Amino acid sequence: MIQTKNNQLYIEGLSFKDLADQYGTPLYIYDQAALEKRMETYYNTFTSPLFETKVLYASKAFLCKAMVKLAQKHSLCLDVVSGGELYIAKQAGFNMDRVYFHGNNKTEAELRQAIDYGVHTIVLDNLDEAKRLVRLSQNSTKPIHALLRINPGIEAHTHAYIVTAHIDSKFGILKSEIDTIETIIQTCDEADNVIFDGFHAHIGSQIFDPKAFIAEIETMAEFIATLQKKMERTFSVLDLGGGFAAYYTQEDAPIPIETICPLIVNTCEAMQEKYSLSLKEILIEPGRSIVAEAGYSLYTIGSIKKTPHKQYAFVDGGMSDNIRPALYQAAYRSDLVEKMDQEKKETYCIAGKCCESGDILIERASLPLAEENDLLVVYTTGAYGYSMASNYNALCIPAIVFVKDGQSKLVVRRQCFEDLIEKDMEDPV
Ligand SMILES: *Cc1c(COP(=O)(O)O)cnc(C)c1O
């Protein structure tokens, strides 16, 4: 929880200033209590008398061993999309029977790794991959579950959603490609070690409109009903993906978890009845919505520079620790953590230190008068910040600190210069 006292900003009882002194900047700070609260809320509100329910944390939003351990502690399942993410989950001791492996091009090595680790479910993307899985599963000691990713033709981004959009998406099989879908299911059904459970869809990210999820469920239910009749076979699992929005700026009004979860459950229950489906289990995969608002980026301002039309505040990080503004004009709020009571009468362009004109974190930030050495916090940076961080300009990736009940823990150390050449091997020939 965030609090202001005597001009200073605090998180879980610790001042940002003290955190900067102890761990340095730039720094990723996570409110552990907030992370846990959101996981608990998902777990407690995504329940149904009719279905088994599972909440999968989409680990690509923010992944490190400490985060995996929190997900395990709060009984979530984990969604991974690469051998690397799977490795991190394994190294953190995550129960592999709760892991779902996504991705549009899982390599042979990744599928072997998943089978070897005993991953619960592979979410298949296409026919080649289904055949690959069937071949590799032949030597497996236990059966592996499979879902198929369907492109329902619904695309939702931020405030709008479109039906019959994005038919050329690289993800999944378009719901109208019935022959291919049947072939994939038959390929799995004929294998001894693959159990085909049902379908997965994921319609976008930062979705505000509950109607988008309702449209997704209705479309998937109708699709499953058609296939059920055609193949004379039932399907037990429907995985609805993630995309639940987070609060970044005053313009954002995300649907509360307590509202969207029952709405999804009720819609699934109604569709089960309407289409005489035989679903036993429904799944959701929140990523951003669990971690975004629990994360904060703390920077030190190095210089203020005035140009004819702008006033810049330069920070000691930038697109290397948060590429979202450069990548898709993501907007953020910020504060000077030691000037909380001062009037915000200046406007700054918050720019990083990378050699790119696009290296801007906030285009127009309202702040009190800023000076060299002021500490700047950027809010809601918990999702797709660290996980998309890079070593551009050989900047070191910041440390990650978790805070809770007045205590702080360094869960990922800051990169050091030695890390930057650790992989370099031989001199040129
Ligand atoms: C990215 C992704 C998610 C999580 O998306 P958020 O917007 O972070 O909730 C879930 N499922 C799949 C398949 C994804 O690709």
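Cβ coordinates are placed from backbone N, Cα and C, and glycine is handled just like the others.
Going by TrEMBL, these are the annotated features:
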type     : residues                                       : note
ACT_SITE : Cys355                                         : active site, proton donor
BINDING  : Gly243, Glu285, Pro286, Gly287, Arg288, Tyr384 : pyridoxal 5'-phosphate binding site
BINDING  : Arg288, Arg324, Tyr328, Glu356, Tyr384         : substrate binding site
DOMAIN   : 28-382                                         : domain 'Orn/DAP/Arg decarboxylase 2 C-terminal'
DOMAIN   : 35-292                                         : domain 'Orn/DAP/Arg decarboxylase 2 N-terminal'
MOD_RES  : Lys60                                          : N6-(pyridoxal phosphate)lysine
Tyr328 (substrate binding site) to Cys355 (active site, proton donor) - Cα separation in whole Å: 18
Spatial separation of the residue listed as 'N6-(pyridoxal phosphate)lysine' from Gly243 (pyridoxal 5'-phosphate binding site) - C-alpha basis, Å: 12
CB-centroid shell, 8 A cutoff, pyridoxal 5'-phosphate site Gly243, Glu285, Pro286, Gly287, Arg288, Tyr384, site residues removed: Ala58, Ala61, Ser205, Gly242, Phe244, Ser289, Ile290, Ala383
Nearest of the binding-site residues (Glu285, Gly287, Arg324) to Cys355 (active site, proton donor), judged by Cα-Cα distance: Arg324
Where the C-beta lies under 6 angstroms from ligand 1, the matching recorded positions among Arg288, Arg324, Tyr328, Cys355, Glu356, Tyr384: Arg288
Site diameter for pyridoxal 5'-phosphate, Å, by largest Cα distance between Gly243, Glu285, Pro286, Gly287, Arg288, Tyr384: 15
Neighbour count (Cβ, 10 Å) for Arg288 (pyridoxal 5'-phosphate binding site): 24
Of Lys60, Arg324, Glu356, i.e. the recorded positions, those within 10 Å of Gly287 (pyridoxal 5'-phosphate binding site) when Cα atoms are compared: Lys60
Chain-internal residues near Pro286 (pyridoxal 5'-phosphate binding site), provided their CB is under 8 angstroms and they sit 6+ positions away: Tyr42, Val55, Leu56, Tyr57, Ala58, Gly242, Phe244
Glu356 (substrate binding site) versus recorded positions Lys60, Glu285, Arg288, Tyr384 - nearest by Cα: Tyr384
Lowest local Cβ density (other Cβ within 10 Å) among binding-site residues: Tyr328, Tyr384: Tyr328
